[in-house]
Amino acid sequence: MQLLNLGLLLLLPFVAGEIAPQPEPLRAGPSDIVPGQYIVTLKEGLASAQIREHKKWVSSVHQANLDSFAAGASGVETVGIMKNFHIHNLNMYSGGFDDKTAEDLRRSPDVKSVHPDQHVYLAKTVTQPQARWGLGYMSSKGKPVPLHSTLVDYLYDDKAGEGVWAYVLDTGINVDHIEFEGRGILGHNAIPNKPHTDEFGHGTYVAGIIAGKTYGVAKKANVVSAKAFDTGSSTYNYILETYDWIVKNITDSNRKNKAVINLSISGAKYQPFDDAVENAFKAGITTVVAAGNDGKDAKNNTPASSPNAITVGAVRWENTRPSFSNYGKIVDIWAPGELIKSCWKGGNNATSTQSGTSAASPHVAGLVAYLMSLENLPSPSAVTARVLNLTIPNLVKDAKDSPNRVVYNGIQERKFTLPKNTK
């Protein structure tokens, strides 16, 4: 399996003026690969019986290769098939294999591809106290707003995501945080020997932007914790397991038109996971993803490069692109991503102010949840079309070659009030 340094898009540290760009791995180097671990993608159209026979063959070939080693083998290479993933028409599995078995798999007529597993990273974010402009921007039709959003009303329909589920594939969620008002749900934890809590903060922060009562776009939506990270990085072995669980849970619960997945993660281009996101789309499920924080073309990132995900770049309050935000033709929409306040780890009322495309993506995931509660959007294509039809064009400065569309929730007015508090 490839260790995709598919990291959480980590939030960026605050400096005076614009947020300093924080480099994150774009291409998998030697240290990003998980030695001896692979993600195997099978060709489409194989019958269930063929898949079973293929896996029996894998076990026998793997064992024969291990037996042929004069000194024997140890470590992950001896494990064999580890986990199975099935998303719509896509069948994959992860495994620990020796080099000879990996080559045998590549020659199998059943196999589409064999990729080393890689590390994946959270999308980075930044910290500064007292900043809440992002929600005001969501209903301002792209007009520049004051940095301190207590000067701007956030206008929204009272349904506000009611009856919709937002799945957050991340570090977990502090579901006891007062911002979630009992709407936080512990879904799936892929990390072995770790509790289903958020010790890192990233997942709770993202969930708060989606559905927090104060900081959230869709203030009545449910948020489901799907833990695939324990710290700032993970591997596709855990990420695919978690994404597979999310797709199955949405499908089994008949929530396809009332659910959205948020991926505030980024790593080197990794086709197996792009294929997984694409197959979820074909199955009727909407995924929103961060563009990444390298200040480069997002086409080289996964999952930003997934063609039918909604890929989100970050914009500042005065409609400029922060230098850290990725860009390019694959970026669908721009949303608030600098100095955004939300929930945090460490207590049921903890908060933090951060920056990064990790913050931009949940603004759009929250908008998707908000629109799903208001309108009949029968498919991911309809969701994407509605979100993009609401956008305000040609406002982002330095958008490079990206589609120049900023997020808007559809409310037709904007007004200023005196500050009511400094929260």
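Glycine is no exception: its Cβ is also placed from the backbone N, Cα and C atoms.
Quick caveat, the model's predicted, so the values are computed rather than measured.
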Record feature N-linked glycosylation site (Swiss-Prot), assigned residue among ASN300, ASN349: ASN349
Most crowded position, judged by CB atoms within 10 A, among ASP170, ASN249, ASN349, SER358 as recorded positions: SER358
DSSP-assigned states of the domain 'Inhibitor I9' (37-123) in counts, ordered helix, strand, coil: 34 helix, 34 strand, 19 coil
Closest of ASP170, HIS202, ASN249, ASN262, SER358 to ASN389 (N-linked glycosylation site), Cα positions, recorded positions only: ASN262
Candidate with the highest Cβ count within 10 Å, taken from the glycosylation sites ASN262, ASN389: ASN262
ASP170 (active site, charge relay system) versus glycosylation sites ASN249, ASN262, ASN349 - nearest by Cα: ASN262
Of the recorded positions listed as HIS202, ASN249, SER358, the one whose CA lies nearest the CA of ASN262 (N-linked glycosylation site): SER358
